[in-house]
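**Student:** According to Swiss-Prot, the protein has these features:
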DOMAIN    114-173  domain 'CBS 1'
MOD_RES   160  phosphoserine
DOMAIN    179-237  domain 'CBS 2'
BINDING   274, 275, 276, 324, 325, 326  NAD(+) binding site
BINDING   326, 328, 331, 500, 501, 502  K(+) binding site
BINDING   329, 364, 365, 366, 387, 388, 411, 412, 413, 414, 415, 441  IMP binding site
ACT_SITE  331  active site, thioimidate intermediate
MOD_RES   341  omega-N-methylarginine
MOD_RES   355  omega-N-methylarginine
ACT_SITE  429  active site, proton acceptor
C-alpha cells in the first residue's frame, strides 16, 4: 500500500482542467461538443438555482430561454407560451408588417392587469361583431359602452354565455338584446389597486371586472383568466403594465422603418435587427435611427461572432448582441459562404468583450440539448435562442403532417429558398434581395412532433438548474463569475470521449427525456 501514500497531508490538490481563457487560447474553433465542464461542490438543491438573467441592458428574464424569429418557430402562440414561462419570443418578419404587428398585439393583450385598451362595442353592434372579435383576439368577454369606445358610459357586457346557443341566423341580432345589462354587473371604482380589484373579482365569481369612474364611464377592465395565469405561471415575463413581454424582428432597409413604427405602436418591448452578418453600414444606420426616434426601445444587434464585429454595434448603441453565424441545424452559411465561427468560440469571445460595456449576449444557434444550453451560459451568454429545439411543438406555426406514420412539422432556415420565396424579408437578411441568382444559406426540412412546450420548457429549466448544481453555481451570475475568475474548469473532449459520453454498447434503447 506504500505506493498509494503521498506526503504532505490531505491539503494537496493538483491543478486540474483548463480555465475558459486557456481553453480558447489557441486558434482552434470549438463548439459545444468539443468540451465538458468539470464538476464542483454541491451545497444547495437544484430548485434553489436562480436562472434570472439579462436579455438587454434594461430587460431581465427569469428564464434564459428565447424563441428564434423564424417563420416556422415564433408567432403569437409561441411568444405567449415563452413569456408565460419566464422567457421571451421574437415574432418573425417573414410576413407583412401588419401581420407581424397584429401578432405582437395578441401577445400584449393576452395577459394583463388593468386592461386600459380592451375591445369595446356599442349596443348597436351585432352578435356577428362579437364573433369576429373572438376570432381576431381570442376572447369574447366584451364591455358594451354607449358609443362603443373607452371613456364612454358603461351599459353592459357580452360574454360567451350570452351568445353560446344562438343560431347562425341570430348573428345580426343587436347586442342591446343579448348583453348582460349594467344593473347586473359587478364593477370597481377608478383608483382601486390591482390587489383590491383582484379580490373583488374573486368574490364576484364573474369573468370580467369593469373599472368605472364617478360618471360610470369605462376606464379599464380586469379578466378572471389573468388571475389564473398569475397563479399558474409565477415566472411570467411582464412589463410595468403587467403585460407579457414580446420581441419582434426587423430588417435593416429603408422600408423596415414602416414595419418598426407598426411594431412599436403594437407594444413591442424589444427589437432584434435580423441579419446573418450584423457588422454592416445598414445595421449601424438602423441602430442610430431607432435610438433617435424611439430612445427607450431596447435594440438587439447581430448576428456577430467576433469582438471586432461586436465593437461597431456596441459603439452604435445596441442594448444586446446576438451571437452565431452558420451554426444552426438548418444553416449552411459556413458551407456556402466560407464565413462563420464554431459557436463555443464565438460565444466566449464576444461575451468576454461585450461584458466590459454591460451588453448581454444571446447564444443563437447550435443548441441541440439542455447540456448545450448550460455550456453556452457557462461561456458567458446571458440567454440562449432556440430554433430547432422549439420547432414542431404545438405552439410553433404550421400544420402537422404525416410521413411514413410519423407526425411532423416543417422547419426551415430563413436563408432557405423556401423562406426567401415567401417574402423579401428573408432575402434582405442575407443581403440578396437584389440578386438575380439567389444563394441559399439554409435548408428546409421537417421535425418530429415534440408536443407542447408547456412540458418541454420546464424540462429545459430543470436541466439547467441541475447542470448548475453539478457545477456548484447557485445562479447564472455566479456561473459567469466562476468562469471569468478561472474557478470554473473545462476539459477538451476527443472523438472517443464524445462517443463514451453518449449512449453506447446497447443493442437497442429508448431515450425519454421527460
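Residue 1 is the first one shown; counting continues down the chain.
Here the Cβ of each residue, glycine as well, is placed from N, Cα and C on the backbone.
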**Student:** Just the number: how many Å between the Cα atoms of residue 275 (NAD(+) binding site) and residue 365 (IMP binding site)?
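**Tutor:** Distance (Cα to Cα, whole Å): 14 Å.
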**Student:** Want to know which recorded positions, from 160, 355, 500, 501, are within 10 Å of residue 326 (NAD(+) binding site) at Cα; which are they?
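**Tutor:** Matched recorded positions: none.
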**Student:** Indicate whether residue 160 (phosphoserine) is helix, strand or coil by DSSP.
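**Tutor:** Residue 160 (phosphoserine) sits in a helix per DSSP.
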**Student:** When you measure from the Cβ of residue 274 (NAD(+) binding site), how many other Cβ atoms are you left with inside 10 Å?
**Tutor:** 29
**Student:** Can you check what DSSP calls residue 500 (K(+) binding site), collapsed to helix, strand or coil?
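**Tutor:** Residue 500 (K(+) binding site) sits in a helix per DSSP.
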**Student:** Using C-alpha atoms, which one of the recorded positions 274, 276, 355, 387, 411 comes nearest to residue 500 (K(+) binding site)?
**Tutor:** 387
**Student:** Around residue 365 (IMP binding site), which of the listed recorded positions (355, 501, 502) come within 10 Å, judging by Cα atoms?
**Tutor:** none
**Student:** On the 0 to 100 scale, where does the mean pLDDT of the domain 'CBS 2' (179-237) fall?
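**Tutor:** Its mean pLDDT is 84.
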**Student:** Could you state the CA-to-CA distance between residue 411 (IMP binding site) and residue 501 (K(+) binding site) to the nearest Å?
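**Tutor:** Cα-Cα distance, residue 411 (IMP binding site) to residue 501 (K(+) binding site): 28 Å.
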**Student:** At the level of the C-alpha atoms, what whole-angstrom distance separates residue 324 (NAD(+) binding site) and residue 355 (omega-N-methylarginine)?
**Tutor:** 17
